[in-house]
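A.B. asks: Here it is, the structure, as structure tokens.
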Amino acid sequence: MDGKRRQHDDHAETSSSYPTKRQRILPNDLDNTIHEPQNASPSHDDYTIAWICALHIEMAAARAILDEIHEDLPRYANDSNTYMLGSIRKHNIVIACLPIAQYGTNNAANVLTHLIRTFPSIHLGLMVGIGGGVPIMADIRLGDIVVGTRVMQCDLGKIVEDGQIRRTAIPRILQNQVGTLVSTLRSTHEREPSRVPSILREKFGGLPGYGRPSVPDHLFRALYDHVSSTPSCDGCDESELVPRRPRGSDDPQIHYGAIASGNQVMRSGTARDDIARQLDVLCFEMEATGLMDILPCLPIRGICDYSDSHKNKEWQRYAAATAAAYARELLSALPVAKTQSKATHMPNSHRDSSNDHRRRLLDSLRFDQIDARKSTINLPYSKTCRWFLNHPDYRAWLDPGSLEQHRGFLWISGKPGAGKSTIMKFIYLSMKKKDRPQHAITASFFFNARGDYLEKSILGMYRSLLHQLLERYPDLQAVFDDPDLTPHSQDGCPSLSILKDLFRNAVSALGQRSFTCFIDALDECDEQQVVDMVQYFEELVEHSTKGTLLRICFSSRHYPHIELQQGIRLTLEDQRGHAEDLESYIGSRLRINDPALVEELRPQLVKKAAGVFLWVVLVVEILNKEYRQGGLALRKRLAEIPSRLSELFKDILRRDNENMEHLLLCILWILYSKRPLQPEEFYHAIWSGLSLKGLADSGIPTVTGPDASGCIERCVISSSKGLAEITKSKQQPTVQFIHESVRDFLIKDKGLHELWPDLGFDWEIPSHERLKQCCSAYIDYHLARISMVNSDEQGEISKQFPLLEYASCHVLYHADTAASAIPQDEFLTKFSTSDWITIINRFERYKARQYTPDASLLYILADKGFAELIRTQPTEQLCTYIPKERYRYPLFAALANGHKHAVAALLDLPSSFYNGVDIADGLTCRKDFTEYKDRTPLSWAAQNGRTGIVELLLQNGITVTEADRGGRHPLSRASENGHEATARLLLEKGADVNASGRDGQTPLSWTLWIGHEATVRLLLEKGADINISGHYGHTPLSWASEKGDEATVRLLLEKGADINVSGRYGHTPLSWASENGHEATVRLLLEKGADVNASGRDSHTPLSWASENGHEATARLLLEKGADVNASGWDGRTPLSRALEKGYEATARLLIEKGADINASGPDGRTPL
């Protein structure tokens, strides 16, 4: 053998008789969590906005409103800040937080100074966070926002004759750029409401703790001090509260004025008022004056307290969220800076063909239920809606000659239940029939408040409309070829902003073709999204290509705050044709065999309906029922019926108290089921709930025969008292309310509480508890029967027990939702995990997603992301190894599925923030398990430098010295990847600095191979053995020499490393450096006294290694330092014979020049030539 070392991985041992060369191990790349930039990451010069926070909760709020999170960038030398990079719209933003427990103007100035040195294109600073309000200067409430139009340093002044302090602060006024920006947004708010409330709902709705607190907003008189030693005001005298007029809305208000900034916390009501009167300020904070002189800067403060002794932290997170929401809205009014440039996408030699790229992106636009709402809308009743096609406004909208007057917009508005969606579907289908494929396309989107997010958001609308447009006209798919919008690396559907650009580009490319859009039920989408969408379409029409006929028809309830600049507005209930439709329906559906009475009642019904078609439908059925029962009080019954739709719902539901338990179950299942139930599921769900109360037969209900569907439909109608129906759609029919207004009555109008006061005002939690009980009872009832059914009979199981799939899949979901207020310990104690696994696996198509019999309940909860239930489980199971499970450990299951709240619960944290950092940031990992292979949670966290997770795992009892299945210790993993902070923590917690794995390598040898000098210094400082050797005699100096890390070699020698130590086969550090041609390292070793002719068991000298590998310069250096040019190994071969055998002619000439014997022969008699 020639002594060359073979490669091996870091897990397997080798049986070779010669040492192996370590394969270079790189840290795994983790997938981004929530938003990933579409192109390559921006550079330092692309960032123009600085966002400064003082507290970790403020940084968390800032992160929540970003559209994208960017990769980190290197920092300027001596920059001690840590940054979060991202973007809002097209603004690239740098977020920095003050060091923990370091506040005040000087610290803020220091952070900003470092920031603008690292990011030279910053031109605007935002100081966003919490502040203390001054209620005497304005009607300021907790959660309100104060925007600082000037900043006063409040701790500057002089003592005057009476001993009082006269404030001498010089006001810092907003620079022109910032002042103009604020004025622009204020002017916008004069015309339309602020977007802050909708931003709060969109961005913070799923972030625990950042919603509006339930604790009351109390303002005490300035002279009344807090009485308790705890922050709570429960013991304070409520007679000292300042009386204030109730507001009409809980939405935060925005105040503009001066802000007082100083280096001390204001905690006195009297001092607050004194300073406020002198300086005319609206709030107090501690950082802004440190920033105003460095950069054009705007302080934005959410009010979390009143700067008095009653200060506490209850409102801090919400106040941080309101301030961040305003900052986001502000940036929408800021033009994109010219210095920003789009990151260039580097072409991939393996990119798909253009057609494949287009097809992939077109497919990504589709989503489940993309047209579900449209398909569930019933066709018009006979002879209704036809009047609309001849209405003057509709015909004017169709007339190209009238385009200048209405710009292509028609907006149909009406009351809830008036019949808008029916009209929209009717005219959509009518126009679609007239489409000429080469010249026109008609598209539609029907918002659906009962559906998933994409069904009720403009994101889903743009995806649907763009898909319809590009599918009809494939030539328009060329919009996907723009690499700035959709690079070939695009994975999945583009972001909302990109979709809007693509849609605009596609419409611009229509040419002479016409495009008509019908967009229904705008009121079932977030109002701010609707405002943005209407503005977008107005701009789209304004800039559409000449010759393109673009028409948009909206329908909605009456929107008082959204107006079209130009367009036709049509109110449905005001139209004579609509009234005639109502009369026609009454005439054909009112089943009274008395024509005179029908004629008498018809105008009364039309008048009382006030244009609401749904009201007429419901009341006609009520009158028909009254007539079937004798009809003795028809006129009286009509007079009693309320005219308002919501009151009618109440009347229907409270008319009698029969089957109220049926009704409650029906409502709860429709409102709070995880997904809409199919008719058979619903039938069994009602049975399961009633059986728990002893109100149904104990046996399983069976509905067969020709009347099966009729039986179930009658159950739906009777249990809902006519307010629910089975949808008629192309997809699987489901049970839903007859109209969205029913849901509005129950939830928004608090009808559910009025009908069932025992549910309380927070009725969602007990509702989920009830559904959990139904699911659990259904599972328990069928367990014995299911155990006897083979797995290949799943279809038969679903047919016999229709609710079983839903019940097993979602029983834990309902339990988890209820767990926020109702203890689930008893339920979980009785919960049979093994039985549940048997059932759930029968409904899982993919083998990889099925659970093994060994799966623990904690593992299942982590895999599903049920954080509240996780908190009930013993924390010692956190790192229980389950060999055959997909992710092996509960923590890995939560990480792989992106369940950040479950991760926090597993680590016993109230949220995912720990020491001011989101520990779940960047932790959505690949589901192929590559990140976790052979790792324990601790070794994985150490490998990836997740210091916070490492600390939490250790706090939860995980042993710092545990080895993973690769035989490696956590310190070894952290050191290999250069995570100095993580390695330091592990050492502080007792990790053995010299612990070796199965491969014999220590943390020091691993970090030496990769070349992390800072980690090397740390390990040496903590006592790493500088001469320890691995299985093959490799010492730290050998590793550094093999890699050619001259600085580390020098460091090791300075620390006393043995320069001539040899490994198992006689390799010295000089041999390793020579073999790999590291001339500088060879020179250093020789200068420090390395033996130039040292040879190992195979008699290879450093010169032999250098010659065999063709390193001419290294060989020359060795010869100059006295290397024996004719030294032979155990096989008699000299450096010359080795160089010639490998074909290194230049090295051979050098050796001959230096006296190599060309006739030297080995034991086999062969000479070099």
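Heads up, the Cβ atoms here are built off N, Cα and C, so glycines get one too.
Automated prediction, rather than curation, is the source of TrEMBL annotations.
So TrEMBL lists the following for this protein:
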REGION    1-25  region 'Disordered'
DOMAIN    49-325  domain 'Nucleoside phosphorylase'
DOMAIN    384-557  domain 'Nephrocystin 3-like N-terminal'
REPEAT    933-965  repeat 'ANK'
REPEAT    966-998  repeat 'ANK'
REPEAT    999-1031  repeat 'ANK'
REPEAT    1032-1064  repeat 'ANK'
REPEAT    1065-1097  repeat 'ANK'
REPEAT    1098-1130  repeat 'ANK'
REPEAT    1131-1163  repeat 'ANK'
A.B. asks: Note the mean pLDDT of the domain 'Nephrocystin 3-like N-terminal' (384-557), expressed as a whole number.
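C.D. replies: Taking every residue of the domain 'Nephrocystin 3-like N-terminal' (384-557) together, the mean pLDDT is 90.
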A.B. asks: Take the repeat 'ANK' (1032-1064) and find every residue of the same chain, 6 or more past its ends, with a Cβ under 8 Å from one of its Cβ atoms.
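C.D. replies: The answer is 19-21, 1000-1002, 1004-1005, 1008-1009, 1011, 1013, 1016-1017, 1020, 1024, 1026, 1070, 1072-1073, 1075-1076, 1078, 1080-1081, 1084-1085, 1088-1091, 1094, 1096-1097.
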A.B. asks: Six or more residues beyond either end and a Cβ under 8 Å away: which residues meet both conditions relative to the repeat 'ANK' (966-998)?
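C.D. replies: Residues 10-11, 13, 25, 27, 934-936, 938-947, 950-951, 954, 960, 1004, 1006-1007, 1009-1010, 1012, 1014-1015, 1018-1019, 1022-1025, 1028, 1030 contact the repeat 'ANK' (966-998) from elsewhere in the chain.
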A.B. asks: Please indicate, using numbers and ranges, the residues of the same chain that are 6 or more beyond the repeat 'ANK' (1131-1163) and have a C-beta under 8 Å from a C-beta there.
C.D. replies: 1098, 1101, 1103-1104, 1106-1112, 1115-1116, 1119, 1125, 1169
A.B. asks: Under 8 Å between C-beta atoms and at least six residues away from its ends: which parts of the chain pack against the repeat 'ANK' (1065-1097)?
C.D. replies: 3, 18-19, 1032-1033, 1035, 1037-1038, 1040-1046, 1049-1050, 1053, 1059, 1103-1106, 1108-1109, 1111, 1113-1114, 1117-1118, 1121-1124, 1127, 1129-1130
A.B. asks: Which residue counts does DSSP yield for the repeat 'ANK' (1065-1097) in the helix, strand and coil classes, in that order?
C.D. replies: 16 helix, 0 strand, 17 coil
